[in-house]
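Trainee: The following block contains the structure, expressed as structure tokens.
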Number of protein chains: 2
Amino acid sequence: MSVTDELLANNARYAETFSGPLPLPPAKHVAVVACMDARLNVYGALGLAEGDAHVIRNAGGVITEDEIRSLAISQRLLGTEEIILIHHTDCGMLTFTDDGFKQSIEDEVGIKPPWAAEAFSDVEADVRQSIARVKASPFVPKKDSVRGFVFDVATGRLTEVA
Amino acid sequence: MSVTDELLANNARYAETFSGPLPLPPAKHVAVVACMDARLNVYGALGLAEGDAHVIRNAGGVITEDEIRSLAISQRLLGTEEIILIHHTDCGMLTFTDDGFKQSIEDEVGIKPPWAAEAFSDVEADVRQSIARVKASPFVPKKDSVRGFVFDVATGRLTEVA
């Protein structure tokens, strides 16, 4: 049995006690942008329940064009007003460089990715970079509460980046 | 108190019983790409625990350049091998068109977004589109298990898209 099949069996159990549907717009009017890291359970770490918040995730929890697209849809069409950005300690993005990663792909498949890998060497600095990218976007209208945090994978605790 | 502050209070309670750190590479060697929808709790719906899987999310659960970036990092640097794609019923992406959404932004702020909004009119067809985009990418090496599903927000159940 593949892992996918194992997770589908888990889903059958989840559905047994599931009660829906909830409304489409997030009840808490908040959108979270977080790293895809497996140790960062966003619902658990923020005490979210189904229906509470949009959760956007990618490698690093960085802000690229696609996160601006998601945030624009979240705020303009579905009423979210606060943004929470979450990076974390021991991030994989600290372990390589854009140039090195892209060169390794080019060496293997002959094509250099046309995108930035978005590696970073300082987690807190990259949280600030993400906040700055959101604030600079003309497509995200509500910026009164755009706050950034580092999740500690040892303690489970969020620390705000000033 | 803002919602963000309320969620930080939840985090303090979460950290009280948190035990870390777990290893960086996902234990189940799987990456999930899902919609940001608030009603789709990926950890709950798949029975994932902290440390199990990469979770990538955006508006629609679509595959754009940024999801290829995240999947490339997930597979090439952190050892994931299976990909699970999840769209869902009653998705906000069914309620608008790219042209209409972009025109409304241009009307309001004077700038037309240079990106596609990635709206769709058929959830299952867009799951197939996402699978096709992953399979077409030269940057994602492991494609033996790329499976797509629709999450029913009424029942909590995943149905595979053939």
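Including glycine, each Cβ sits where the backbone N, Cα and C put it.
Because TrEMBL annotations are produced automatically, they should be read as predictions rather than curated entries.
Below are the features listed in TrEMBL for this protein:
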BINDING   B:Cys35, B:Asp37, B:His88, B:Cys91  Zn(2+) binding site
Trainee: May I ask you to pick out the binding-site residues among B:Cys35, B:Asp37, B:His88 with a CB closer than 8 angstroms to chain A's CB atoms, ordered by sequence, or 'none' if no residue qualifies?
Mentor: B:Asp37
Trainee: Would you mind ranking the binding-site residues B:Cys35, B:Cys91 by how many other Cβ atoms sit within 10 Å of each Cβ and giving me the lowest?
Mentor: B:Cys91
Trainee: Inside 8 A of the center formed by the CB atoms of B:Cys35, B:Asp37, B:His88, B:Cys91, which other residues of the chain have their CB, for the recorded Zn(2+) site?
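Mentor: After dropping the recorded site residues, what remains is B:Ala34, B:Met36, B:Arg39, B:Leu40, B:Gly60, B:Gly61, B:Ile86, B:His87, B:Thr89, B:Asp90, B:Gly92, B:Met93, B:Phe151, B:Val153.
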Trainee: Under 8 Å Cβ-Cβ from B:His88 (Zn(2+) binding site), six or more apart in the same chain: what's there?
Mentor: B:Cys35, B:Asp37, B:Arg39, B:Leu40, B:Gly61, B:Val123, B:Val150, B:Phe151, B:Asp152, B:Val153
Trainee: B:Asp37 (Zn(2+) binding site) has how many other Cβ neighbours within 10 Å of its own Cβ?
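Mentor: If we count other Cβ atoms within 10 Å of B:Asp37 (Zn(2+) binding site), we arrive at 29.
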